[in-house]
Amino acid sequence: MYALEMKSITKEFPGVRALDRVTFSVKKGEIHALCGENGAGKSTLMKVLSGVYPDGTFTGDIIVNGRKQRFKSIKDSEKAGIAIIYQELALVKEMTVGENIFLGNEPKTFGVIDWDTLYLEARKWLKSVGLEINPETKVKNLGIGQQQLVEIVKALSKNSDIIILDEPTAALTEAEVSLLMEMLRQLRKRGVTCIYISHKLNEVMSLADSVTVLRDGKTVATHPIGELTEEKIISLMVGRTLTELFPYEPKQRGEKVLEVKNFSVYSPYQNKQVVRDVSFSLHQGEILGIAGLMGAGRTELFTSIFGAYEGKKQGEIRIDGRPVTIKNPRDAIESGIAYVSEDRKKYGLVLDMSVRKNATLAALDKLIRNGVIDEAAEVSTVNRFIEKLKVKTPGLEATVNNLSGGNQQKVVLSKWLMNEPKILILDEPTRGIDVGAKYEIYKLINELVRQGMAVVMISSELPEVLGMSDRILVMAEGRIVGELTHEDATQEKVMMYATGGGASGKTEAVLSI
Amino acid sequence: MEKQKLSFRFDIRAYTLVIALIFIAVLFTVLTDGGFLTSRNLSNLFRQMSVISILAIGMTLVIVAAQIDLSVGSIVGLTGGIAAILQVWYDWGTVPAVLVAILAGAAIGLLQGWLVAYKAVPAFIVTLGGMMVWRGVLLGVSKGETVAPLHESFVQIGQSYLPYVWGYVLAAIMCAAIFYGTARRRQKRARLQLPLNSAASDYGKAFAYAVILMGFTYMMNRYYGIPIPMLIVLVLGLVFLFISTKTGFGRYLYAIGGNPEAARFSGINIKAHMLSVFVMMGALAGVAGVVLTGRLNAATVGAGQSFELDAIAACVIGGTSLAGGTGSIVGSIIGALVMVSLDNGMSMMNVQPFWQYIVKGSILVFAVWLDIATKNKS
Ligand SMILES: Nc1ncnc2c1ncn2[C@@H]1O[C@H](COP(=O)(O)OP(=O)(O)OP(=O)(O)O)[C@@H](O)[C@H]1O
Ligand SMILES: [Mg+2]
């Protein structure tokens, strides 16, 4: 029995056929993973399913629990028991957990909200999925992972029996990921059907019952998980086999380019130190990995170095041996630093602007002749990067908002590479990027490093840090607590440092956030 | 191929505006038995719209940067008053009086921009305060009197016309420039191997512009010629169109309005840009003040009152989003033309003033609603 069948779905945007006669069937009560490269059409398919693109803007049939459905809006699909959870959270931060769960759905007597019932119900729902959160805490006080779980509870409270998660774990720590997976397994026991989109194939392997792979808007195959391996999924996704995931190469370490001494950063909100007395150096021709749990102060440290953090800072920064003062990103860029932010929508892109304009935003000075933007040079530069990074876009003038998540990330990368920085800081550089493209980006980073660039790679994906870095610094609670070489580093060692010593279990330390 | 579709989609909005304008023109022409489309009336209409257009040009930049300037009406009044006082009471020549007025506008912009950019006081508050303060200053310095009359040369700024021959020469030069520009753009796109529209459609467009331009000049010349205020609008429009689309400054304004955080991370000096925008707005308001004073041959205490609202309305009708990040100079000028046509047409029909307000207000809301509705469709 299928909970859901999508038959011959075709969806076109101006200039792109995002979905081309896609067929997608999900059995009742299973966790069904949807895989595919960036721009393969995964998010679009789910938006079709959840009524974001209403009936009539696509062709094909949607059959839910044996009944053919025509969704005119998200409300319709919710009524049919479908809930979608986006990567960007849709919770009201200033409201409590309970209020959020029942937003628009509040229990009322004579039109007045019955708060006691609301919180009682909220507590019941939270408990039923094993979440120990007080429904009266404000959402803004929760970690991103817990917020994600609250979203799921919200979906459940609407009696949804098909839940869609579009890259739910992209921004989560490992501990939060395992919490989420545990919850999904419980839901499966209760007969809830779940569609799970992720680029992290290890999660897919351990969680899913079946996998459907999309490529270029077409269904490639659906297989039960038993017939698949990670390698098999990759080859279905990219249409060829990929032998190694991390093209590590030993490099010639050069001069010291960046030296940071006794560096401390204070939070702009409370009088709290978020980075404590950190010292390290970065050499030409090396990739320096920065590992640590979320909240370890990694982003604060490097946004401060880049001059973009709002809190106060203290300490010394030397570039090529000379002390520098960096008061704002402009200064940093002029000293040869580039910073690729972990949050592309907030800090990386002007969503309503074209691909071309976004890509040149940080390097526009180089394209200005006699005060006028040289559009010919602009177009050819952007084209070069689009080809190099294999950005999938209908054209340079396409609005960046219309690109798939992974392709947006590639635009952000182009923007910073265009500046030809000496020091490239990458904060979660491959978040939301598919395996094939990741590999291309790693190779590109290697090439840049070979040419003498120094790269800092902050990443919560341990395999990535371990696989690509020449040297790894581990941060915890604002301090650098360990340094490992490529040869020495293992997941266990990094986790041991990150969780503050002894603990071998990865989860306990963070579960009590 | 894909590209063509895209660019067509983007233009639809501009076309709706032009269609609306044509509709308004036809409607009023019918309702006034052709009176609306006479050379005399059109000439009047363009002179009327000049002040609002100049303000709308600056306001577009301000709004694109996600700011607002409510003080421009008062700045128009004050700068016009300063120029008139210098000339009438202190017998200054026209050139220095005009320059001081424009500089005064820029200085006011500098002060307001500094408060907004460097002291983080919201623009709405700063310029709402400015609206009252500058009106008060005007009242103080003019002692509540109407300052008149001005020298002949000052009045010419607002009232004179370009001689016929010059009008045609100018139009011919512009037509040549349009064709030359089209040819060059096509060459460049071909060299970059970008998709090209067909030659027929590109040159057809250029031809259409040329016809409109020549028709306009002819209509104006049938009366007294192209009004000088209109010429000022044209020049300023071209300059700021260039600044907003071809320079880094313009590009950065759109980025700042679209996503200030991303702009900051890209190394853009947001404060300096914000300050410059307000200075430009102030200077343009100074120009508008001079033109208005010249046209009326007098400076009054109430001059420019509520012009800020007309300018904002013109921008919004022209497709500029108050959320920042989108908008165009050309759109705003067309928006100003729509607003002023409504005024002018309804006055000709002797529609009572209360109706005029109701109609203009409704059209403003309708235009934005239409814009949002069509955007959601696509
Ligand atoms: N609103 C839109 N307008 C135009 N094109 C769009 C729009 N939304 C998506 N597309 C295009 O449709 C294709 C599929 O996009 P989609 O977002 O579904 O990819 P995805 O599989 O989710 O990729 P990712 O893994 O990067 O998130 C892409 O080529 C994208 O550029
Ligand atoms: Mg997606």
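Each residue, glycine too, has its Cβ placed from N, Cα and C.
What TrEMBL annotates here:
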- B:12-32: transmembrane segment (TRANSMEM)
- B:44-65: transmembrane segment (TRANSMEM)
- B:72-90: transmembrane segment (TRANSMEM)
- B:96-116: transmembrane segment (TRANSMEM)
- B:123-141: transmembrane segment (TRANSMEM)
- B:161-182: transmembrane segment (TRANSMEM)
- B:226-243: transmembrane segment (TRANSMEM)
- B:272-291: transmembrane segment (TRANSMEM)
- B:311-342: transmembrane segment (TRANSMEM)
- B:354-372: transmembrane segment (TRANSMEM)
Would the transmembrane segment (B:44-65) and the transmembrane segment (B:161-182) count as touching if the test is at least 3 Cβ pairs under 8 Å, pairs 6 or more apart? no
Under 8 Å Cβ-Cβ from the transmembrane segment (B:96-116), and at least six residues away from its ends along the same chain, one finds 67, 69, 71, 75, 78-80, 82-84, 86-87, 122-123, 126-127, 130, 134, 154, 157, 274-287, 289-290
Between the transmembrane segment (B:354-372) and the transmembrane segment (B:72-90), do 3 or more CB pairs sit under 8 angstroms, pairs being 6 or more residues apart? no
Non-local residues, at least 6 beyond the ends, that sit with Cβ under 8 Å of the transmembrane segment (B:311-342): 13-14, 17-18, 20-21, 24-25, 28, 45, 48-49, 52-53, 55-60, 63-68, 72, 233, 237, 240-241, 244, 254-259, 356, 359-360, 363-364, 367-368, 371
Interface-richest range of B:12-32, B:161-182, B:226-243 toward the transmembrane segment (B:272-291), CB pairs under 8 Å: B:226-243
Which bits of the chain, at least 6 residues beyond where the transmembrane segment (B:12-32) starts or stops, bring a Cβ under 8 A of a Cβ in it? 317-319, 328, 330-331, 334-335, 337-338, 341-342, 344-345, 348-349, 367, 370-371, 374
What residues elsewhere in the chain lie close to the transmembrane segment (B:161-182), defined as a C-beta under 8 angstroms and at least 6 residues from its ends? 43, 202-203, 205-206, 209-210, 213-214, 216-217, 220-221, 223-228, 231
